[in-house]
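According to TrEMBL, the protein carries these features:
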ACT_SITE  Glu432  active site, proton acceptor
BINDING   Thr149, Gly188  FAD binding site
DOMAIN    24-142  domain 'Acyl-coenzyme A oxidase N-terminal'
DOMAIN    285-445  domain 'Acyl-CoA oxidase C-alpha1'
DOMAIN    488-653  domain 'Acyl-CoA oxidase C-terminal'
Amino acid sequence: MSHEGEDYPIDPIFVKELERSDIDREELAYYLHDGKENYKRLAELTVKYSLDSKVRYQYHEFDHTREEQFYSNYRKLNRLKELTKDMGLPPVDYTTSEEYGAPMNTISSTSLHHTMFETVVRILGSDEQREYYLPRIISYEVLGCYAQTEMGHGSDVQGLMTEAAYDPDTDEFVVNTPSLKAIKFWPGELGKQSDHCVFHAKMIVDGQSMGVNAFICRIRDEDSHIPLRGLEIGDIGPKYGYGNKDNGYMIFKDFRIPRTALLSRFISLEKGGELNIRGDPKVAYTTMLHVRISLIKHTWRLVISSCCLGIKYTLLRKQFRNIPNSNEERRIFDYQATQHQIIPFLSYAYACVFSSKQCQIKYDKMIEEIKDDKFSTMRDLHSIASAFKGLQMQESLTGFFKIRECCGAHGYLNYSNIPNIIELWSPNVTLEGDSIVMYLQTAKGFIKTFRLIQNHGKKIKGIYKYMNDYKEYEGASDHESEFKTCSSLLKLLQISTVLSVKKCSDLLPEIDDEISYDVAWSKTYSIELITAATLNAHWLVASMFADELKSLKLSKNLVRIMNKMLCVYLCDVITKLGQELILSGYLRGSQMLQIKSTMSDFITEIRPHAYRLVESFVPHQAILHSAIALNNGDIYSKLYSVSSTSRFNTKSRLVAFEADTGLGGGPARISKIKQLQNKLTGIAKI
């Protein structure tokens, strides 16, 4: 199967790489994109985008000012809506634009309007609120943001300080920002765009705090777009990444909203101040959960794209004539060091693919249950989402840096798209839960669960059932096994995780000794807890990878390759984080060295399939947005072309420099240079 819609020549090295692999491209491509129809639709759309002057990716978008980035983004979004509407597809938003292969090359300027503002209304809004707002949200009649984070608090939701006090005389809430720490700070779409907002605040009724709750209201005038009376709103300024995102701040000053602004599906306030609570109060966290699941769902797409970019470039790039009996330079990808940088990251990418599909199934089940006011699966999914969010955001960022390094100096150019990927991804490590916070949050859950097993002999169901047989691993050893199969490596990761969790449980005091426990948790054993939580996250990913493989009707050949990918992933994790296996005596040091050797063997076996494993994801090279990963191999010509025509090269002189220094051309320039040199010499003597 050729790349859809691409009629230019393919570099011979890529043809050769495809011939080396016996993977069925259609089978893999259709699995990655959830079926043949989805893949065909993606291929058709990417071709349309690449030919459309308003939508197609332009290398010189990197020359844009911040305001130009917004303009370009909106122009693309509007055109995407037209194109998808013509094809009879659902309206484009942040999520579908990515699934439709949109060449945004950045996050959509209106992404949070859908992923957070719309989602929180769907989940927390009453029937009346959903009926009123959702049609207007979908049609963009209103544009909304989600204001939870404050200048002084982010992950600690219960620490939020914004206050919404109920005034029974007017049947309104009076909202105030009591301190600098309480200023809403960082919400996307708030700075300039949004006219509506969902914000979190402490609800105060009759002088008593009723906890943090969500409210929805208009924040800007319908005609002038000026912030309403009682609000100060602005953009927070330049930041690392998200240049076309107007992250904003908002200060409330006796801002009044109606009582009905409280999102009231699960909590409502009657006129006069009577509070009614329905269902599980923790449902308020489902918006954050939704965003984490969305991030997890889309992680593998960018990771595989970056691997594709890295593999294509290192196949095209040659360096050093060190091939025996040949005057040819060696391809960068044929160096073992390069393969050991990229292929483990690729195995991680496929672990993300398989586990995210399992995760999405669990999330869809939870949403259906919530519709019926059932909340039984929420706890497990919250633990999974926190673990995956902490792991995948950080691991992906680390891997992107490795890809950049493999691509040498050209990997630093924005035209390679790698710096853009890094800049685009970096905020994900922090937003909606910093990785460290996610790990420690997850650790609280599994320590509590493990102690139920350890102290009370309970048999646990759900995601932590793998800890039930922990006693089998205490003082045990396995000095005979070679650990060369998926099942043996998976078991080894399970044991490593359980031993690490048990170590933490033994170190921590009892929970009822609150002061000692909190000190031990926060100041003494956080590093051990983070290690255990990281292993737990890897175990969940790996076990879901294995479960997904078993549940699918894939060809034996593809399953064989995927099992090798899983083995590389497992070996990589165990050799990096499996120190407890050695410290406990379960393994000898020589066995850990053998696992490293096994990993090298698997990488060698995967090498012939590496290009096919990334190429199957990409129906058109336009998705990569890179000048160093072209199918025709003509990367040096493209690099010269885009570099020489950049905006910075349109003028031969730096006018600002000349204006500041007085340097011109000819004799006057030489005279000025001498004057500057004399001045600098005088300064040096002083």
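Yeah, the Cβs are placed from backbone N, Cα and C, and that goes for glycine too.
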I'd like the number of other C-beta atoms within 10 A of the C-beta of Gly188 (FAD binding site), please. 26
Using DSSP, what's the helix, strand and coil tally for the domain 'Acyl-coenzyme A oxidase N-terminal' (24-142)? 82 helix, 0 strand, 37 coil
For Glu432 (active site, proton acceptor), which residues in the same chain are close in space, meaning a Cβ under 8 Å from its Cβ, but six or more apart along the sequence? Met288, Val291, Arg292, Leu295, Lys389
The correct three-state DSSP answer for Glu432 (active site, proton acceptor) is coil
Once near-sequence residues are set aside, which residues in the chain of Thr149 (FAD binding site), 6 or more away, have Cβ atoms under 8 Å from its Cβ? Lys184, Phe185, Trp186, Pro187
Arithmetic mean of per-residue pLDDT over the domain 'Acyl-CoA oxidase C-terminal' (488-653): 91
